[in-house]
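Residues annotated as domain 'Major facilitator superfamily (MFS) profile' in TrEMBL: 14-498. The transmembrane segment annotation in TrEMBL covers 70-93, 100-122, 168-187, 193-214, 348-367, 374-393, 399-420, 474-494.
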Amino acid sequence: VPLSHSYRGLTLVLTFLCYTSYHLSRKPISIVKSQLHPNCSALGPNPSNDSNNSAWCSWAPFDGDNYKELFGALDNAFLVAYAIGMFISGIFGERLSLRYYLSGGMVLSGLFTALFGLGYFWNIHVLWYFIIVQVFNGLAQTTGWPAVVACVGNWFGKGKRGLIMGIWNSHTSVGNILGSLIAGVWVSSAWGLSFVVPGIIIAAVGVICFFFLVEYPEDVGCSPPLHHVRVTSTEKDPEAVTSTEGVLGVSGQSSADGSNGPWEPAEEPEAISFLGALRIPGVVEFSLCLLFAKLVSYTFLYWLPLYIVNVGEVLLGGTARRGRAWSISSPPLLLLTAHFSAKEAGDLSTLFDVGGILGGIFAGLISDSSGGRATTCCAMLVVAAPMLFLYNHIGQNGIGVSIAMLIVCGALVNGPYALITTAVSADLGTHESLKGNAKALSTVTAIIDGTGSIGAALGPLLAGLISPTGWNNVFYMLIAADVLACLLLSRVVAKEIRGWCGCMARKRGYVRT
């Protein structure tokens, strides 16, 4: 096996584990919400005999009637800090060692995640403590995405980038699933551990990343992918040059003949400016589309378990069966419930992320074969809107229907989100207009994901404000966001369609001649 292939595999595995741990550490808050303000009447009488206190089992300060607004404030503290920090993070990522930047951010993320959970053991009931921890955690977590996408982009050319990154991007859903399951183990007994354990995990993976991550192929004497290469005019097959060159000297020249090698590195380019990245064709359109796509995805990320708890009445044959509990190991056709526990709702919500894995792979495969990234995103968003409507209205008609709808909605919602944040970001970060300057990749990724993070902050906030008026209104908001995301890509979709039509016309012309 060529050395470059081994390092590519190592890079994929390490960055996959890194960002899996990032999402693993973000998920516990959505699982713990229903435990911070549970249904106390279901637990029996108040042991303190205070009949006027209907929230005796809740964790202050989330024991009031405004608990949903406070949950929204927690989500927003993290997500607003994340959105603001993301625009700055990419600029630092282009100028600092990605290995130091990524591993340092992971250790800090682990610290602040654990500090949230330690509030349980320290018996802290002050809202500002949790808000401040969320803000600093949001800032620390901005180190992740620009760094991992830049690392993968440094090792992989355009080729089958959509499929490779679609599979690789399953780290988001895998992290959400693992975060839900890990947090669910302690949510009912000692919810602080639901944060402390993920915090330890992400810090440990950060240490592993520090020792083993290789940022650039040139660092280990491997030839870079095509978008790093300065091709001369006499070369007719640059792909062949890249694939046959093999391992190079550390200086960037062929180990056999440094002066006559088929490629030679250009001078170290300067990192692109923020405004320069915005001028890359497609960056603005995809950034705004991701704003609304991520609004939908993160609303599910933070509110789906609570939604399942609140409207978890499942019918079998038209008869409500109360008191039965569903778990991830339960026979789905036998166990149905009217009231899910926090752990059961967390387990069921993981099916949305299972769909997200399938959707990301499907979107990458289709966009690779068609060459239409924007068209693939738009098609999935168009179908997602009615499916969200159906899930809200029929998703609780049976456990089988609920499982199927969660997987389908997860695929359609997270497919475009995954494609834009991975393959599209890497494509634009190595756009032909940059003339081989790979120093734009982290900045472009940060701009796109930072804009998307504004939507990620707005979604849970709006859900917290709207949900007291009814969950139907929350879903109407999500459907409207999906439609807007699709419309914002219309110009790029039209350009792709014109390109296909022109290609077909040329092919017909060749056949006639």
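Glycine is no exception: its Cβ is also placed from the backbone N, Cα and C atoms.
TrEMBL annotations: computationally assigned, not manually curated.
Listed by sequence, the residues of this chain that lie at least six past the ends of the transmembrane segment (193-214) yet keep a Cβ under 8 A from its Cβ atoms are 7, 10-11, 14-15, 17-18, 21-22, 24-25, 27-28, 31-32, 98-100, 102-107, 109-118, 151, 179, 182-187, 220. Long-range contacts of the transmembrane segment (168-187) within the same chain: residues 12, 15-17, 19-28, 30-32, 35, 152, 193-195, 197-198, 201, 301, 305, 328, 342-343, 346-347, 349-350, 353-354, 356-357, 360-361, 364, 410, 414, 418, 421-422, each at least 6 residues beyond the stretch ends and with a Cβ under 8 Å from a Cβ of the stretch. With pairs at least 6 apart in sequence, the transmembrane segment (374-393) and the transmembrane segment (474-494) have 3 or more Cβ pairs within the 8 Å limit; the two touch.
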